[in-house]
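Undergrad: Encoded as C-alpha cells, here's the structure I'll be asking about.
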Amino acid sequence: MLHQGIILREGHVTRTIYNLIKDKRYEDVIECITSFGEAANTRAGLSTLGHCYYHAQKYEEAATCYEQLCQLAPKEAKYRFYYAQSLYQAGIFADALRVLKQMGDQEDELREQCLQLQSAILYSSEDFAGAQSLLNQRAGGTADTLNDEGCLLFQADQHEAAVQRFQAALQVGGFNPLVAYNVALAHFQKKQRAQALDYTSEIVERGMRNHPELGIGAQMDIPDGGARSVGNPITMAISGITQALNLKAAIEFQDGNEEAARDALLDLPPRAESELDPVTLHNMALTDVEGPVAGLRKLAFLLELGAPSCPKETFANILLICCKNELYETAADILAEHTDLTYKYLSQYLYELLDSLITAQTSAELAEKKLGTLASSLAGKLRSLAAKVQEVRATNEQQALRDALKDYEQALELYLPVVMARAWISWRDDDFVGAEREFHASAEFCSENSIWRLNAGHVLFMQGDKYNEAAAFYEPIVRQHSDDIMSVSAAVLANLCVSYIMTFQNEEAEELMRKVEKAEEMKGNLGKQYHHLCIVNLVVGTLYCAKSNYEFGLSRIAHALESGSGNRLYADTWLHVKHCILGLLTGMAKQNIILPYATVQEVLNFLRFCESYGLFTPANIFSATEQVPEEPLTIGLEARKLRLLLIKLSEYDNF
C-alpha cells in the first residue's frame, strides 16, 4: 500500500507506524490509520490515534478517541485519565473534572497524576482555593509540586516566594523551559527586568540548539513573510520558545522599545496568522506597524473568542488603545457591550480612569470632577505611604523598607496617569496655563519622574514665553542620553533647539544640531535610518516662518526634506511645508512680504522636488474614524497648486 509517499508493506505496517511516531510525524500516522477503515476503530487503532491526535495538539479529536476506548475497555483507568487530560487541554474543564471524579481513588498508581490534573483544571478555572486544597494532598518536594506551589504563590502576588519555589523545582527536576519561564515571569512582575531577560535568553538559546527545525529567527533572516510556516508542533509547546519571546516582547514594550518588541516577536518560529496562539496574536496587535485599526481588529477577534482562549489583558488593552487614539465612542460601546468583563477584568482604578476619559468628550467639568476625586484619594495614599517609608527607614529593617518602597512606587504608578489625564483636559483646549497648574499640584510626588518632567517641559514650551523653563526640563533628558542622542525623541531635540533660539542661545542650538547631524550620519553608516535632524530643521524652519523670516525658514525646511530618494517627504512633514508656504502666499497677497528673486527660485525648485517625489504620496492624515476618499489628494498635486500660486503672486510668467 502506498499512502502519500509512505509505503506500507504487508507485515511491516506496525513497524512503519511506530517509526513515523518516533519521527514525530503524527499527522501522517493519523492519515494512515484513518484510511484503514474499521481497523481504526479497534482498541489498538484508537489508542494510537488518541496518542497522535494529542501530540498533534488536536485535543478534541484525542478526547473522542479516548472516550471510545473508555467504552471498549472500561476497566483501564489510564484511558479515563487520558480522556480527562485531552478534555482539559481542549478547555472543556467541567467534563474533565467529571471524568476524574468518576475515577475516584481506585488507582493508586494514577493518584498523583489525577490530583495534579485536577489542581491544574481548578487553577485554569481560577478556583485557586480548590487548587491549593488538592495541592496539599500531593507528594511534597517533587519538581511538579514545587512548580505548582510557585504558580499559586504567583497568583497571590507573592512573587519572591514564587521565585524560590520555581528555582527549587529547577534544582530538583533539572532544567525545564516551562519552569524557567515561570521564574522569568515572576522576576518580570517584581520589575527585575534583567533577571527576567536572562532566563528568556537561556530558554531561546536552548530552543535554537535543541530544536533547529522550529526555524527560530527565520522571519528576521527572510523578511516580508517569506519564511515557511512550521505550524504548531508539540516541540514548540514544550520548548517554552513562544512564552519566552512573548515575555521578552512585553518587557521591551513596557520599556518603550516598540521596535525591539517587534523584533522579539519576529524571532518566533514562522507561522501563518491563522496558526498563531492567542498571546502572540495579542502582542502583535499591540505592536502592529499598520496602526491602531489593524491592532484593534486582532484584539476584537480575541475578545470574541472569550475565555479561556482570550488573554485576560485583552479587554483592558482594547479600551486603552481606543482612548489613546481618541476612539472614545468605540471605547464606550465596548464597555456597554461587555459589562460582565468590566467587573471581571478591570480594576476599580482603571475603570474610573477610562470612564473619566470617555466622559471628558461630553462634559469636561464632570470628567475633571471624577479625576479630581481619584487624584485626591491617591495623593492621600501616597502621603501615608511616604510617612511609612520614613518610619521604616529609621528601623534599619531592609526587607520592610523594600516592601514599603515597592508599595509607594506602585501607588505612584497609579497616580501619574491621573495627573496626565487632568493636564490633558486643559491641554486639548489650549489652556496650557491650566495644564501647568496640574503639574505644580503634582510636583510633590512626581517631580523626579522622567515622563512627568518631559510633559511639564512640553506644557511650558507651548505657552510661548517660558522657553528658559522648558529648556531646564529638556536639557537633563538630552544630557542623560549624550552617548546615544538618537534615543532622545526628535520632538524634544526640536523643542530644545527652538527654546535656545528664542532665548538668544543660537550657539547652543547650532551645537545641538551638529551633534544630531553627526550621530545621524554614524547611525546611517550602520544601515539605520533616522529623521531626527529632518524634524529639528522642520520645526526650526517653521519657527522662523512664523516670525515672518521666510527666507531663512524655508531654506531650513528645504534642507530638512531634500534628499536623493525623497523618503523624508510624507503627510506629517508635508503639513509643516504647506502651512509655511501658505503663510508666505498670504503675506505676498497682502503685499506684506517681498522675497528676493533668488529666494523665490529656491522655493519654486523645492516645490518641484515635492511635486516629483510626492506624486503618489497621500497629502493628508486621516484618523481611524475618518472616511478616506477614493482618490485622496497627493503631495505632488498640492505642491503643483502651491507652485502655480507662487508664480502668479511673484509675476514670474516664464516659469
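Just so you know, glycine gets a Cβ as well, placed from its N, Cα and C.
According to Swiss-Prot, the repeat 'TPR 1' annotation covers 10-43. Sequence annotations record features per position, and here Swiss-Prot assigns repeat 'TPR 2' to 44-76. What Swiss-Prot lists as repeat 'TPR 3' is 143-176. For 178-210, the entry in Swiss-Prot reads repeat 'TPR 4'. According to Swiss-Prot, the feature repeat 'TPR 5' maps to 385-418. Annotated repeat 'TPR 6' per Swiss-Prot: 450-484, in sequence order. The repeat 'TPR 7' feature in Swiss-Prot is assigned to 534-567.
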Undergrad: For the repeat 'TPR 1' (10-43), what are the DSSP-based totals of helix, strand and coil residues?
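TA: Split by secondary structure, the repeat 'TPR 1' (10-43) comes out as 25 helix, 0 strand, 9 coil.
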Undergrad: What are the helix, strand and coil residue counts for the repeat 'TPR 2' (44-76) according to DSSP?
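TA: Tallying H, G and I as helix, E and B as strand, the rest coil: 26 helix, 0 strand, 7 coil.
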Undergrad: Counting only residues 6+ away from its ends, which parts of the chain sit with a Cβ under 8 Å from the repeat 'TPR 2' (44-76)?
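TA: Hits for the repeat 'TPR 2' (44-76): 17, 21, 24, 26-27, 29-30, 33-34, 36, 82-83, 85-87, 89-90, 92, 232, 234, 237.
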